[in-house]
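**Student:** Residues or ranges marked as active site, nucleophile in TrEMBL: A:T195. As annotated by TrEMBL, substrate binding site applies to A:T158, A:K184, A:T195, A:E285, A:N408, A:S413.
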There are 2 protein chains.
Amino acid sequence: MSHAVSPLAPKTVPEMPPIAGVRFATAEAGIKYKNRTDVLLVALDEGTEVAGVFTRSKCPSAPVEWCREALAGGKARALLVNSGNANAFTGLKGRETVRISAGHAGRTLGVEPGTVFLASTGVIGEPLDPAKFAAVLDDTAGRLADGPWIDAARAIMTTDTFPKVATRTVAIAGVPVTINGIAKGAGMIAPDMATMLSFVFTDAPIAAPALQAMLSKGVEGSFNAITVDSDTSTSDTLILFATGAAETRGAPRIADAADERLADFRAALDGLLLDLAHQVCKDGEGARKFVEVTVTGAVDDASAKRIALSIANSPLVKTAIAGEDANWGRVVMAVGKAGEPADRDRLSIWFGDVRVAVEGARDAGYSEAAASAEMEREDVRVRADIGLGEGRATVWTCDLTKEYVAINGDYRS
Amino acid sequence: MSHAVSPLAPKTVPEMPPIAGVRFATAEAGIKYKNRTDVLLVALDEGTEVAGVFTRSKCPSAPVEWCREALAGGKARALLVNSGNANAFTGLKGRETVRISAGHAGRTLGVEPGTVFLASTGVIGEPLDPAKFAAVLDDTAGRLADGPWIDAARAIMTTDTFPKVATRTVAIAGVPVTINGIAKGAGMIAPDMATMLSFVFTDAPIAAPALQAMLSKGVEGSFNAITVDSDTSTSDTLILFATGAAETRGAPRIADAADERLADFRAALDGLLLDLAHQVCKDGEGARKFVEVTVTGAVDDASAKRIALSIANSPLVKTAIAGEDANWGRVVMAVGKAGEPADRDRLSIWFGDVRVAVEGARDAGYSEAAASAEMEREDVRVRADIGLGEGRATVWTCDLTKEYVAINGDYRS
């Protein structure tokens, strides 16, 4: 379970400011891990608005079902997260665990259970005992504070090799507001989900429907544009909480996502989501290289994204990148198998800035040395131009190494 | 390039009888490999009927395009195959190579170039020099014989660790006919294609449209039901040749695939295709386990197959199997991400005959020891019952090991 920190981990960790209206603490509940925190409890001030995006798995975890229902109210007062057990595929018992835990957290904090959001990550199919939460909740609630955020990020880790945090400060109508985010995830990462777990907090006063519109849009180019292994989790959860505390400092309350005063906030939120998504990708199990795949010239953007994901999910492309092999033939293969409109004889391929193939054949000026030099970088860029239209998309992945196999061959035991 | 023989290789190789009307020879053309055969030339008697199934890649190789055109005539007189270079994504030059090679083979054997079928397997994107064929064709044509078939299978290998052959003898209207098949393929194996390369020969007198109907149907449950790594090749080719020579021994000429006299032949052909497909799977790059995935209770057969492939292609399922870890939670995940109708609370999962999960939760009688014992077998069976309908499908794959990564991380160099 303890692996060396990914070589792709950020070299510096940002200073995370407090967010007015958000207090939290972590605990060692011994759910699966020993001698590390595995529970995060967050208390949110009254008036906190909430939005969420969840896995599209047909077999979602009990907490995901709970959050979907809780989201309907648009209000949040608490978040309770655990690592080590996903409470997924645990049947009626799993639903009971969720109900009991939300009830307990609600009583402890003096809030409605229906405003308590829950998330669990870890092994699937093992019953999660609500007594584990019960044993630590009172003590944890007594230690709530406005930092340090890195501890919150650490408590939700599973096979992650580093905690993932990001922060942005931006003005709404001249009043500075803050956005903080944490994330976890290293495997079972694929699009059509919101990564394993990510929680974003802001003091901006924004109504739930506007938050939801921004979050649903922002996730497309970030968490839904990364893939580690094409496997979609049962538990993926991204929740955005807005306490509205900045209103006391003069920030206007905004109800419409299209409000122009939100332009900077929206850009900052998108940037923060992408930052966290990239960190998840850079902690891809066994990853040694961060890979950006851009597809241009597809018939439309959706087609470009499907082709880009076909490249990014191809085991043969990913192993070639691990081996620093400029094997562009495998990129051709991945374009061809995507099932999207493509014309072999209009296809061009680049590694970094080196064009290796053009119009259906190897580039006349092809240099193995130049192509190989691109593959030796830690950040590898692959581009395919389909030559049919204006569709464009970028997705991110990591290489596929023997360590991925080693990590996943003995995860449960 | 030389890896130890797969532990899943068949323990015995069948005696391959000659097929009247089929003669062949192999050669060392030095296309990429040294000191091994890399060219197979097959001469087919006049009257040979032909059917084929090819990759659905949007970027097919030049030989695939050639074969698709040649197939329209329904007649075949020769087959020329090489390993070491796929002649894929080689532009106009690749098409020239195909045209020149078919012309040369046609002249050498005294047949129309349009009845010469071509197939190439190996690296994508490297120009294939037709002079390599020219240098060996005359000599090869002088050595044509009706065996040994194992040599034909060997000449078309790339990363294969063992040659793949299969044979069946069956009666049509009381007259025995023979079916022989060879195949190659170890990586870049996924459904919606006909495996890398497979060629099947029979002396039965069956017209091309009937052959095509049987082949297209037979491929669904065999070559299109195996997956090694979900990557579809640009070159996948399965061709069935029927010389009709058994007519001289009294076998009736049959024009309709629905003809009842073909019932045994059809079953034998299906069995041979499945045999070869299983061999390809058992030679999956780095494979240590052969995995059968059966899905029952889906809303229909097509849905069952998509769920089965979602399980069989999941890197997390495949690494768990490599690690002999009875991690059925990953099977739940793969069912959930398939995008097909599924209801978590009706889902049941088995490893071998051990039911590990039922109705959305771990089986009450779950025994880790019993489940683990199933995972320690060389042949691992996974079954998921969706609980919604009568749809059913079985697919086959292999585990995902560190050796797969090692083999594919330095294939080209």
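Glycine residues also receive a Cβ, built from the backbone N, Cα and C atoms like all the rest.
Automated prediction, rather than curation, is the source of TrEMBL annotations.
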**Student:** Around A:E285 (substrate binding site), how many other C-beta atoms are within 10 angstroms of its C-beta?
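**Tutor:** Result for A:E285 (substrate binding site): 29 other Cβ atoms within 10 Å.
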**Student:** In this structure, which of the binding-site residues A:T158, A:N408 has the fewest other Cβ atoms within 10 Å of its Cβ?
**Tutor:** A:T158
**Student:** Among all protein chains shown, how many Cβ atoms are found within 10 Å of the Cβ of A:K184 (substrate binding site), not counting that one?
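**Tutor:** There are 27 of them.
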**Student:** Near chain B, which of the binding-site residues A:T158, A:K184, A:E285, A:N408 can you find when the cut-off is a Cβ distance under 8 Å?
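**Tutor:** The answer, in sequence order, is A:N408.
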**Student:** Taking DSSP as the reference, which of helix, strand or coil describes A:N408 (substrate binding site)?
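**Tutor:** Going by the DSSP assignment, A:N408 (substrate binding site) falls within a helical segment, counted as helix.
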